[in-house]
Amino acid sequence: MTGKPLVAILSGAGVSTDSGIPDYRGPNGLWRRDPEAEKLVTYEYYMGDPEIRRRSWLMRRDSAALHAEPNAAHRAVADLERRGVPVRVLTQNVDGLHQLAGVSARKVLELHGTARDCVCTGCGARGPMADVLARIEAGEDDPPCLDCGGVLKTATVMFGERLDPVVLGEAAAISKACQVFVAVGTSLQVEPAAGLARVAVEHGARLVVVNAEPTPYDELADEVIREPIGSALPALLRGLG
């Protein structure tokens, strides 16, 4: 490959498993082991039940994502940007590890939001997750918004919520414009994010799928890689510029 193509990287949970963050939908994922756990991140249940909120905050407090460090896959994406290759990251992950690895925040679209912030469902006030977790540690079960008293939630897209249409629109535009679309660590089963791969192919991009399990888009892909992401993604990206 010659030149420096625009590379769009759709990253899913599999990218962060080497950082100790579980793949919730995988064979041993939390949603399969404990279907009741989905209630903790389902908007209707969360808003309607203080006990669900209490348990949800405890889950956030104990989450591996808050203490995780970037792994080789995250660093490989950051290195691609440092080498001057035009790259945009469209991530389904909420852990913020792409940015911690050194990818410019303006190059990352967090399709499902971020677990590093909280937002008030009443007034929209936003702040660091760490501040709310400090209140949990101090003894609050269900800390309300300090501005309006409203219900606080993580700044992620819960089940039952819509993705931000502005973010999704920008992701679609990037998918249409890119020359290479890499889907890595994602089952490509969650819409509308998964459909970005089809958008890219329909607009002439080369599609590369890097995932342990088969995906619905493998037949559309120019290349399918089943090797471990921590070694496969760095090797792939080294060849792109």
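Cβ coordinates are placed from backbone N, Cα and C, and glycine is handled just like the others.
Feature annotation from Swiss-Prot assigns active site, proton acceptor to H112; the stated evidence is sequence analysis. Every protein chain considered, the tally of other Cβ atoms within 10 Å of the Cβ of H112 (active site, proton acceptor) stands at 19.
Taken from Swiss-Prot, the feature NAD(+) binding site covers A13, T17, R25, Q92, V94, D95, H112, T186, S187, N211, I229, and the record attributes it to sequence analysis. S187 (NAD(+) binding site) falls within neither a helix nor a strand when secondary structure is assigned with DSSP, and so counts as coil.
Cβ neighbour count for V94 (NAD(+) binding site) (all protein chains, 10 Å cutoff from its Cβ): 23. Per Swiss-Prot, the feature nicotinamide binding site maps to V94, D95; the stated evidence is sequence analysis.
In sequence order, C145, D147, C148, G150 are the residues of the chain that are 6 or more apart from C123 (Zn(2+) binding site) and have a CB within less than 8 Å of its CB. Positions annotated as Zn(2+) binding site by Swiss-Prot: C120, C123, C145, C148.
Feature annotation from Swiss-Prot assigns domain 'Deacetylase sirtuin-type' to 1-241; the stated evidence is sequence analysis.
In the three-state DSSP assignment, the secondary structure recorded for V94 (NAD(+) binding site) is coil. Fewest Cβ neighbours within 10 Å among the binding-site residues A13, C120, C148, I229: this applies to C148. Separating the Cα atoms of V94 (NAD(+) binding site) and C120 (Zn(2+) binding site) is a whole-number distance of 18 Å.
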